[in-house]
């Protein structure tokens, strides 16, 4: 079952993420595919509707494009557009249709124009945007005095290189307007024009335009200068913190070594005083192990997504590729979550491993599923394209049932099989412990201050310290929504805060895992450096059973020496 899950997931990844492109070559007079996608308020990116939810001219033959999983998740609903754009065929003021709009249809268009509705189409996989109309305010403060106009003439300017389409622009005729201010029946003659122009831009570079420009508002675009400035600031602060911490630790090591030489019976203080308690098991062991497993999986997911981005899978406007990759890779990496969680849970001497795996599988998916149920219900009520069809929900459920769950159980079972050899758990633990992240320095510093205060309960606190970045991001989302964006409406608000909560929760688990792993390495290192007589640097114990500890310490000392001789620990 699990092996079948791997094969199914691999096929999904290959077929859905790596696009099977046609050669995009045409002869003069060949029809070039043009699909109408969606319409929606410009400032509410999640609130989109089907193109023909507005009373536009219908094509002679309505045909829906079959879409991949990621495209559906992205809210794309492509259908045949009412315009005919044949290769190298110019057209001037071609009539699409003469349409009589009743009062309700006029009110629909007026509402769309008032909310700055835009339309989106795809021509030979190239995106097209445009606004439906304009509002003429003429310095009037009363909205009831505004004039609302609908654009009725669309100009397509298409650039080609030999037998391939390179670029397309759509603009509206500012003189061809229809007044939709009043609720009355009107006759509208919708028209379009097409102009083909030759260009020297090669086909391979036709997407560069879309990577350098954006239809998003200015405040939604990526500010690379701010990102670089933040990275440089973090690097400098990290360097200062690391330098100070190394100096403090060096002084501590010298002090403790000097104290041991002067008087062996001198009372210990600071973080050395709690060397006998610092590796006690944390509370709620199963939940802690599940959080580490889920965080490890999300960390692996992030790495894979970055790798796919670097190799060019997510080129501009590759519809749905990112969503498809997220679903498929998350499913395939569930085995990592099962193994990491079970491995740490067994180190904590947990016994109910089935419950631990169930908790691992539901710790992130559970809140995500609840958020999806609520938001999908909202989208259905609004008749928005964000509402997933029943068939798509079934596909996602099958991926979870046939891929995610079997791989999760396989990862947990694999850990139980190899645990008895001692080698793989120790080696994997050393590899997992070397996640590099800037927040690790902050977590390490706070853990050090906690140990200096002779507080040995650092496990959960180090996890929460690393994960607090997710809380900070969500706090910034509150500020951004109300102070920086123009988003409005119940649906957009629900989607923004709902899915941002899921994203920030994922960051909380992932960065919490990174923070804990860094703190664990730090704590092991400092206690190993002072060479405490009790063997607690690499193993954990419970204070509730001291008789068992005395027996296990001797056995583990012997095992530790054996692993050192074999080169498995250092």
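The backbone N, Cα and C atoms fix where each Cβ goes, and this holds for glycine too.
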Notebook entry, point to check: To which of the residue ranges 196-220, 321-345 does TrEMBL assign the term transmembrane segment?
Noted result: 321-345
Check: Any idea which of 222-246, 247-271 is down as transmembrane segment in TrEMBL?
Finding: 222-246
Notebook entry, point to check: With the ranges 145-171, 388-414 to choose from, which does TrEMBL describe as transmembrane segment?
Noted result: 388-414
Margin query: Between the candidate ranges 112-130, 416-434, 435-453, where does TrEMBL place the transmembrane segment annotation?
Written below: 435-453
Margin query: Labelled transmembrane segment by TrEMBL, one stretch among 459-483, 534-558. Can you tell me which?
Written below: 459-483
Next item on the list: Using Cβ atoms only, state whether the transmembrane segment (321-345) and the transmembrane segment (495-523) have three or more pairs under 8 Å that are 6 or more apart in sequence.
Entry: no
Notebook entry, point to check: In the same chain, which residue numbers or ranges, 6 or more beyond the ends of the transmembrane segment (287-315), come under 8 angstroms Cβ to Cβ?
Noted result: 17-18, 207, 211, 321-322, 325-326, 329-330, 333-334, 336-342, 344-345, 348, 350, 356, 359-360, 363-364, 432, 435, 459-460, 463, 506, 509-514, 516
